[in-house]
Amino acid sequence: MLHPQQMQEQQQQQQEAQAASIIPEHYEMEYIQRNNKTVSFCQIPISILGGAIAGVIGFSGVYGFLFYFFIYITFCSLFTLKENKNLHLYFPNPRSIWFDSIGAGLMPYILFWTFLYNIIHIY
């Protein structure tokens, strides 16, 4: 039979062991880079598709850029929901998905946005 204080200590040790198994203490740089590439490889086709949609619809000026931010926020939200809030297991800073790659998809977006806008609405 255990003393109540010993039982508390055992419970604390079990909780610490569970927390250690859930949250990694260190991250492998190779895996972090691979996870960032995966996010980037998903974001670029989404940006291309968003630029094509913006060009076909006929957005111009500020509305086109606002549409890009809408597409970007939608992608990040869906990616976060898909991972069921376990992003801390794959990224040291889960906010990096939201802020680090905001410019990565901007150039393909602008390319397809202006290309399809010019083809459909100008010519």
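Quick reminder: no glycine exception, Cβ is built from N, Cα and C everywhere.
The annotation topological domain 'Cytoplasmic' is assigned in Swiss-Prot to 1-41 (among others) on the grounds of similarity to another entry. Regional average pLDDT for the topological domain 'Cytoplasmic' (1-41) in the model is 71.
Marked as topological domain 'Lumenal' by Swiss-Prot on the basis of similarity to another entry: 58-63 (among others).
Residues annotated as topological domain 'Cytoplasmic' in Swiss-Prot: 85-102 (among others).
For the topological domain 'Lumenal' (120-123), same-chain residues at least 6 beyond its ends with a Cβ under 8 Å from one of its own Cβ atoms are 55-56, 58. Among the features that Swiss-Prot reports, topological domain 'Lumenal' is placed at 120-123 (among others), with the record citing similarity to another entry.
Among the features that Swiss-Prot reports, transmembrane segment is placed at 42-57 (among others).
Residues 39, 42-43, 46-47, 50-51, 53-54, 90, 94, 97-98, 102, 105-106, 109, 113 of the same chain sit 6 or more residues outside the transmembrane segment (64-84) yet have a Cβ under 8 Å from a Cβ within it. Per Swiss-Prot, the feature transmembrane segment maps to 64-84 (among others); the stated evidence is similarity to another entry.
As annotated by Swiss-Prot, transmembrane segment applies to 103-119 (among others), with the evidence given as similarity to another entry.
Within the chain carrying the topological domain 'Lumenal' (58-63), a Cβ under 8 angstroms from the stretch's Cβ atoms is held by residues 113, 117, 120-121, all 6 or more beyond its ends.
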